[in-house]
């Protein structure tokens with residue numbers, strides 16, 4: 001499934017004293033199976049952009065083409081597009097409303113006019129994907145769960161729609177480290193096992209470096225950087241100029257290099273740093 005964004009522009013409160021251009025002539029192509037991280041300072045246009053991809057917002061100019069269908073046209077059935085493109089908002093647990101977890105997850109599939117058998121199959125699959133045991137949790141109230149578990153239920157409700165593209169807006173916001181790691185692990189598995197296209201909005205450069213295959217940097221409504229994590233995080237000066245940064249481990253490794261250690265400064269994850277440091281220690285041990 002391909003997504004093409006052509007000359008996309010969106011203006012809030014147009015023709016008023018409070019007019020603000022949130023998206024400014026953005027051009028992108030998202031290919032099937034990519035894991036894209038969308039980063040940028042608050043107000044850079046990230047959330048506005050993803051709401052256009054899902055069809056929740058209409059642009060003032062430009063086009064969004066999903067599988068050769070221009071979704072900005074009035075005659076397009078957006079319900080069909082949203083079957084393909086799922087969106088998980090920030091703090092999605094606040095949108096839970098049913099009396100049981102099973103009913104909450106079933107809400108989306110029921111609106112697809114599926115058979116009861118297919119709905120039950122999707123509920124079980126979605127709960128399994130997010131790490132919730134079906135028999136244990138199906139009849140529980142979602143409001144009895146921890147914050148991390150509520151987040152999983154909310155994500156399962158979108159996953160049960162079986163979208164080809166899953167967009168997540170800060171899915172780990174407000175979670176403790178354990179809950180955060182579990183959610184990210186489940187998102188990684190979705191991408192790996194089902195070849196699902198993932199668009200992840202995140203403020204964590206560490207998570208982005210570890211998970212994404214491509215990084216888009218937004219600033220004042222424009223996409224100013226677009227590339228693999230190694231390419232984007234090498235642009236430290238550009239990132240810092242727009243209020244962002246490279247992963248902390250990158251600064252650490254560059255500092256060690258400045259102090260005379262013979263190491264690569266192009267390190268962006270803890271795992272990469274571990275391998276690089278072990279290589280140095282092993283070389284020193286061999287030379288002793």
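Glycine residues also receive a Cβ, built from the backbone N, Cα and C atoms like all the rest.
Swiss-Prot annotations:
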type    : residues                       : note
BINDING : 40, 41, 42, 43, 44, 45, 46, 47 : ATP binding site
DOMAIN  : 3-245                          : domain 'ABC transporter'
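Cβ environment of residue 45 (ATP binding site): 22, 23, 24, 26, 218, 220, 221, 222 lie under 8 Å away, each six or more residues apart in the same chain. In the three-state DSSP scheme, residue 42 (ATP binding site) is classed as coil. If you count neighbouring Cβ atoms within 10 Å for each of the binding-site residues 42, 44, 47, the highest count belongs to 44. A count of other CB atoms within 10 A of each Cβ picks out 40 as the most crowded of the binding-site residues 40, 43.
In terms of local Cβ density within 10 Å, 46 ranks first among the binding-site residues 41, 46.
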